[in-house]
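Here is what Swiss-Prot records for this protein:
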type: ACT_SITE; residues: Glu133; note: active site, proton donor/acceptor
type: BINDING; residues: Arg105, Ser106, Ser107, Leu108, Gly109, Arg110, Asp123, Thr131, Leu132, Glu133, Gln152, Tyr166, Lys173, Gln177; note: dCTP binding site
type: COMPBIAS; residues: 166-176; note: compositional bias 'Basic and acidic residues'
type: COMPBIAS; residues: 187-203; note: compositional bias 'Basic and acidic residues'
type: REGION; residues: 164-203; note: region 'Disordered'
Amino acid sequence: MILSDADILDRLAEGDLVVEPLDDVDQQVQPASVDLRLGERFLEFQRTNIPCIHPTEADEVGDYVTETRVPEGEEFILHPGDFVLGTTTERVEIPPDLLATVQGRSSLGRLAIVIHATAGIVDPGYKGQITLELSNLGTAPVALTPGMRVSQLIFTELKSPAKRPYGVERGSKYQDQDGPQASRIGSDPEFHSDENQAAEHES
């Protein structure tokens with residue numbers, strides 16, 4: 001079941017669902033979603049001539065991105081073909097019985113701005129800001145202003161609460177994130193199978 005505006009307001013009032021700061025409830029709470037605003041921090045991917053990026057090598061990923069801060073009221077220009085990581089202004093806390101989905105606002109979609117590439121799911125138990133995968137599929141640069149509403153968060157009630165919500169187990173590598181976070185795929189267990197086997201052998 002997808003939560004309506006009345007359901008969302010009830011859960012926010014109960015305190016187990018958190019979206020903060022929610023500065024303008026009338027404007028941000030939509031019929032079945034909450035509008036989230038663009039934060040001030042961006043991770044830009046550098047032009048590079050190296051043969052490839054190895055996602056499992058944290059140093060390579062870190063060298064590939066630089067952080068830019070754009071104060072509210074100023075503009076971040078997203079050029080055609082560019083891809084950057086942004087963040088929401090709001091910090092969220094998703095209770096174990098809800099799943100959240102991030103969608104871009106249609107008004108930006110009509111300007112060829114994509115808000116997320118693949119990461120549309122916010123797991124039960126997640127706490128933190130949400131990283132946005134911003135790209136410009138159009139032919140003209142588009143000015144994005146921190147503080148503008150860029151995405152919608154939709155909440156679906158689960159049939160039963162998650163037994164292992166995000167943050168409970170190892171591997172919750174983006175829990176409590178502050179600002180945009182580059183890929184941490186290198187910490188996934190499948191890339192450390194030899195280490196895991198060695199640890200099991202020693203024990």
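Here the Cβ of each residue, glycine as well, is placed from N, Cα and C on the backbone.
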(message) Between the Cα atoms of Gln152 (dCTP binding site) and Glu133 (active site, proton donor/acceptor), what distance do you get, rounded to the nearest Å?
(response) 14
(request) Round to the nearest Å and give the CA-to-CA distance linking Arg105 (dCTP binding site) with the residue listed as 'active site, proton donor/acceptor'. (result) 14
(message) Out of Arg105, Lys173, which of these binding-site residues shows the lowest number of other CB atoms within 10 Å of its CB?
(response) Lys173
(message) How many Å separate the two farthest-apart Cα atoms among the dCTP-binding residues Arg105, Ser106, Ser107, Leu108, Gly109, Arg110, Asp123, Thr131, Leu132, Glu133, Gln152, Tyr166, Lys173, Gln177?
(response) 33
(message) Cβ atoms within 10 Å, counted per site: which of Ser107, Gln152 has the most, among these binding-site residues?
(response) Gln152
(message) Just to verify: the residue among Gly109, Glu133 with the fewest other Cβ atoms within 10 Å, which of the recorded positions is it?
(response) Gly109
